[in-house]
Amino acid sequence: MEPGPARPRLAPAARPGWGRAAGCRRRGGPARHGRASGQEDATTAGRQAGGGVRGEGTPAAGDGLGRPLGPTPSQSRFQVDPVSENAGRAAAAAAAAAAAAAAAGAAGKETPAAGKAGGESGVAKGSEEAKGRFRVNFVDPAASSSADDSLSDAAGVGGDGPNVSFQNGGDTVLSEGSSLHSGGGSGHHQQYYYDTHTNTYYLRTFGHNTMDAVPRIDHYRHTAAQLGEKLLRPSLAELHDELEKEPFEDGFANGEESTPTRDAVVAYTAESKGVVKFGWIKGVLVRCMLNIWGVMLFIRLSWIVGQAGIGLSVVVIAMATVVTTITGLSTSAIATNGFVRGGGAYYLISRSLGPEFGGAIGLIFAFANAVAVAMYVVGFAETVVELLKEHSILMIDEINDIRIIGAITVVILLGISVAGMEWEAKAQIVLLVILLLAIADFVIGTFISLESKKPKGFFGYKSEIFNENFGPDFREEETFFSVFAIFFPAATGILAGANISGDLADPQSAIPKGTLLAILITTVVYIGIAVSVGSCVVRDATGNVNDTITTELTNCTSAACKLNFDFSYCESNTCSYGLMNNFQVMSMVSGFAPLISAGIFSATLSSALASLVSAPKIFQALCKDNIYPAFQMFAKGYGKNNEPLRGYILTFLIALGFILIAELNVIAPIISNFFLASYALINFSVFHASLAKSPGWRPAFKYYNMWISLIGAILCCIVMFVINWWAALLTYVIVLGLYIYVTYKKPDVNWGSSTQALTYLSALQHSIRLSGVEDHVKNFRPQCLVMTGSPNSRPALLHLVHDFTKNVGLMICGHVHMGPRRQAMKEMSIDQARYQRWLIKNKMKAFYAPVHADDLREGAQYLMQAAGLGRMKPNTLVLGFKKDWLQADMRDVDMYINLFHDAFDIQFGVVVIRLKEGLDISHLQGQEELLSSQEKSPGTKDVVVNVDYSKKSDQDTCKSSGEKSITQKDEEEDGKTPTQPLLKKESKGPIVPLNVADQKLLEASTQFQKKQGKNTIDVWWLFDDGGLTLLIPYLLTTKKKWKDCKIRVFIGGKINRIDHDRRAMATLLSKFRIDFSDIMVLGDINTKPKKENIIAFDDMIEPYRLHEDDKEQDIADKMKEDEPWRITDNELELYKTKTYRQIRLNELLKEHSSTANIIVMSLPVARKGAVSSALYMAWLEALSKDLPPVLLVRGNHQSVLTFYS
């Protein structure tokens, strides 16, 4: 009987008293239970002892070479079992003995050697397992047979099979079984080790005995890839985090289990049946050749040879080929740099240069293809009308006949396109055959020189004609560049294959081969026909058979004269034949003229069909990316090939509209310029991607060069002006307009474009260059580390700092996550992307920097030391004032004050921002909606909001990791679901009206988002800190919101020197080139404050005083040691003057600056170790209470202002 699939079994615990686990939990599936009850009796002893790998005495069937017959890679199993660290060798030995006894009983014989070996194995394994906490058991699938068959197998074939266990991470195999040498059936067993890395059997199973995933293509697919859902490799957390207490089984080890990739493959296979995919010949080569060979081949190439001569005609063709070949190489490089989907030129450009260029080119390229349909159809209709005119069977008149025939033709072409790509491809093959026959007809005709054709200028291959036609003979104001402009549209069409990239079986291989080979073949044909027609036909001929020369002339200079024809009449009159006069030269030369007409029909219709297919496919890809939301309806596809039927209809209508005009002489140059603009950007994309040096730019096609691509882009731009300068300018204006529109709209896409790569490279290079620049006072910028916590929980703090750092200095939003490290790390990784997006969305030029620490002080230290890069490091710490310090735990207050000391220790400036209403709005549920409503109707008083009053307001500097403050709306817009949001649209708490305090808090939180009006910024520059106190208000006045505010400067001075001090300060400010409206010198700062204010201060600090004079010395010392923040009597007396100064300054602030928009004031400094935290906090409270917004600023006492140039 064949061994059945293995059942995962949980090894019993080695510690006495532990029972067997009920099952092991599987990811995404139900719990797995133990073996069938039929085997329980045979294996009870082994299981209860917790010993062997198999947990029973029945060995698996072997192959006689010491290898088990299973498991196969898809059948491998493993489970993780808790192993007691105290499990000794006795348990393992008992298990081995039980297993040996069971095996002996089943086989009917006793094998002491085997028992001994098994015992030794168990001892060794038990000691090894005792070293760790977990054991991984790999179970042989052969052991999962039914109970009856397993016993019989043990006695039969499998009796001598090996029992295999894995040790040391699964790399070394411990085998208990037959010898590697075939014996004479003595039954002797021995124990041996061998390395699985040198064993082919175990190499086959690599990757199935571990949670780690082996490299596979499914891990690198995009979620929206054609193959279905992306298969996720195990996350780092799954491999690295501590295991849960409950044993589990790795889902990746179970071969028979369904996986996302397997399901996706099945779904994709089912949906893919019948989908038409083309190879490189039918999909690219044929299309490109048909698109390149247009009407020019048959009705304009002979005229070009007549104007430019054979030599310059070859130069014209070669120049066009250079442009198209370089573009073909660039297209091949981009197409082989990753999986290419539908969208052709749009897809290539957008994924290389980004949505801005891609969106602009995609729209005009799709439009150009749609109008190109009309151009080719009108060319076809004109040829048909000429035939009708020759036979005098016009329906109405020439212009209306072109409209009627064109309309009928485009309807038929639409039917072929809508019928499906398969039918369209078949039509292309038929048209190519006709085109090739027409070319062959011309080549054959050049060797057939009929007497009737000589009067029309065709003499066959003659050296006289070749020599005469080799040089140029420009007429009617034609020049080399005008001739080149007429020919170049005949060389376009090289993107016809790339435009249907989504319908190619292997775009990466098909596009380079098909495009480059098509360019080569068509160029050879163009040059061959140019040389042939220039060697056979003279420039001018009368078509009159009577113009032959019967007598030999000795003074002949023209080739016709040497060939006995006199066409001198054409020198002074207009003739109807010859290269210069007859557009139907190829029909005249050919062996069968109607076949040339068929070739013209084939060339026009094939090009029209290719454009009719390309335009909707490009437009559909553009609409799928939602670059232009108004066109989203055209993204829908129908049928098995996802055909863009709506795009077909739109293309049909555009083409029909231009067909009805029937005059495309003005539109044609614009279309050619649209194509050339696409070529230019494709070439520039390769140059740009190579210049950015992105590791992701590694095309499989190696035959490209970034500088050649740049030359190609420049050549395309030059050719645009050569063809038509005003059309080139119009194209540039349209591309620029669309680029600006897409840039303004900022589509929510991220394609890893070279623009992003170059931005990174530029930032990296400039950062490295900046690191070598020494600091200079003239280049000082405030680079602020703002302790915001969650950035949107303190909007006033964020906006005020942003006002003086925007486009001037660095702003980093520091957020200290506290709590369990494991949870905090997960939240930090989520917050990093979430809050950075929030800052960008709210147009905040700032960086979000989360850090995990045990407490706020430690986290702030980490940020101050490590935040930033090179010279782009913070130099100023910005904090919100701790408004709730009187009710808070004084240990938190002590920690808050220590942030100041830490900042000063590492030479940081410190800025403390205080609003009397407070800064933190995170306790208000739905704050973002309220903020927007406040901006719209600030007078509203009856706002209803969910308020969580149970949450204690934390310090205005940081929040713990669990306190998030981002709305669910933002989460949905960002495309992520919050794991632990603070704010929700639907709160379970009671809905209560917003109280007055919170209403004022919300109003205050938005005050810096508005224009500040004509008011004052009062600068109390009491102490010289290097100039930071003066620099910040100046920077504020340079911003649009603050530009109407005037700076008033307050300084301290002596009563008898007020005028002198004012003049000295005015002189200094003028040297600093800082405008001010007034300077006020305060001579009464040192006056004793009002008695009631002193009493109020004493009452405030009373709960925090030590009162050591009223206590015993030991008790006082102990209390000071345990609570170092307490204010001692000695300290209070020592700093009485400084205390009075803070109280007095508050009185002066209320007197002079109560109406100011904002007050910027010198921050008092407390000596570390001398001033307690409670006293320092009391100073700040007394100084800044009941005032307009206050900035307490203290620089690091290094100059940040200078009056030297």
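Cβ coordinates come from backbone N, Cα and C, glycine included.
Trp293 (Na(+) binding site) carries neither a helix nor a strand DSSP state and counts as coil. Under the heading Na(+) binding site, Swiss-Prot lists Leu290, Trp293, Ala603, Ser606, Ser607, citing similarity to another entry as support.
Long-range neighbours of Tyr679 (chloride 2 binding site) (same chain, six or more residues apart, CB within less than 8 Å of its CB): Val323, Thr324, Thr327, Gly712, Cys716. Look at Swiss-Prot and you will find Phe365, Gly493, Ile494, Phe675, Tyr679 tagged as chloride 2 binding site, backed by similarity to another entry.
Among the features that Swiss-Prot reports, N-linked glycosylation site is placed at Asn546 (among others), with the record citing experimental evidence.
Annotated N-linked glycosylation site per Swiss-Prot: Asn555 (among others), in sequence order.
Here Swiss-Prot flags Met1 as N-acetylmethionine.
What Swiss-Prot records for Ser74 (among others) is phosphoserine.
Positions annotated as phosphoserine by Swiss-Prot, on the basis of similarity to another entry: Ser76 (among others).
Annotation source Swiss-Prot lists phosphothreonine at Thr196 (among others).
The feature phosphothreonine is assigned by Swiss-Prot to Thr205 (among others).
What Swiss-Prot records for Thr210 (among others) is phosphothreonine, and it gives similarity to another entry as the kind of evidence.
For Thr223 (among others), the entry in Swiss-Prot reads phosphothreonine.
The phosphoserine feature in Swiss-Prot is assigned to Ser235 (among others). For Ser235 (phosphoserine), other Cβ atoms within 10 Å of its Cβ number 9.
Positions annotated as phosphothreonine by Swiss-Prot, on the basis of a large-scale study or a structure entry: Thr259 (among others).
Annotation source Swiss-Prot lists phosphoserine at Ser933 (among others), citing a large-scale study or a structure entry.
Annotation comment: Swiss-Prot describes Ser937 (among others) as phosphoserine.
Residues or ranges marked as phosphoserine in Swiss-Prot (evidence: a large-scale study or a structure entry): Ser987 (among others).
Checking each of the recorded positions Ser235, Phe365, Ile494, Phe675 against Ser607 (Na(+) binding site) by C-alpha distance, the shortest gap belongs to Ile494.
Nonlocal intrachain contacts for the region 'Scissor helix' (754-771), taken as residues 6+ away from its ends with a CB within less than 8 angstroms of a stretch CB, comprise 352-354, 356, 685, 688-689, 691-694, 696-697, 869-872. The Cβ of Phe675 (chloride 2 binding site) lies under 8 Å from the Cβ of Phe365, Ala368, Pro489, Thr492, Leu495, each of these being in the same chain and 6 or more residues away along the sequence. The secondary structure of Ile494 (chloride 2 binding site), as reduced to three states from DSSP, is coil rather than helix or strand. Confidence over the region 'Scissor helix' (754-771), given as mean pLDDT on the 0 to 100 scale, stands at 86. For the region 'Scissor helix' (754-771), the DSSP counts in helix, strand and coil order read 18 helix, 0 strand, 0 coil.
For Ile494 (chloride 2 binding site) paired with Leu290 (Na(+) binding site), the C-alpha to C-alpha distance reads 10 Å. The closest partner of Gly493 (chloride 2 binding site) among the recorded positions, by CA position, is Trp293; the full candidate set was Ser235, Trp293, Ser606. The CA atom of Ala603 (Na(+) binding site) is located 56 Å away from the CA atom of Ser235 (phosphoserine). If you measure from the Cα atom of Ser606 (Na(+) binding site) to that of Ser235 (phosphoserine), you get 52 Å.
Those same-chain residues not listed among Phe365, Gly493, Ile494, Phe675, Tyr679 yet with C-beta within 8 angstroms of the centroid of the chloride 2 site C-beta atoms are Thr327, Ala345, Thr492, Leu495, Leu676, Ser678. The C-beta environment of Leu290 (Na(+) binding site), restricted to residues of the same chain at least 6 apart in sequence and closer than 8 Å, consists of Gln428, Leu431, Leu432, Leu435, Gly493, Ala496, Ser602, Ala603, Ser606, Ser607, Ala610. Listed in sequence order, Leu435, Ala490, Thr522, Val525, Ala603 are the same-chain residues at least 6 apart in sequence whose CB falls under 8 Å from the CB of Trp293 (Na(+) binding site).
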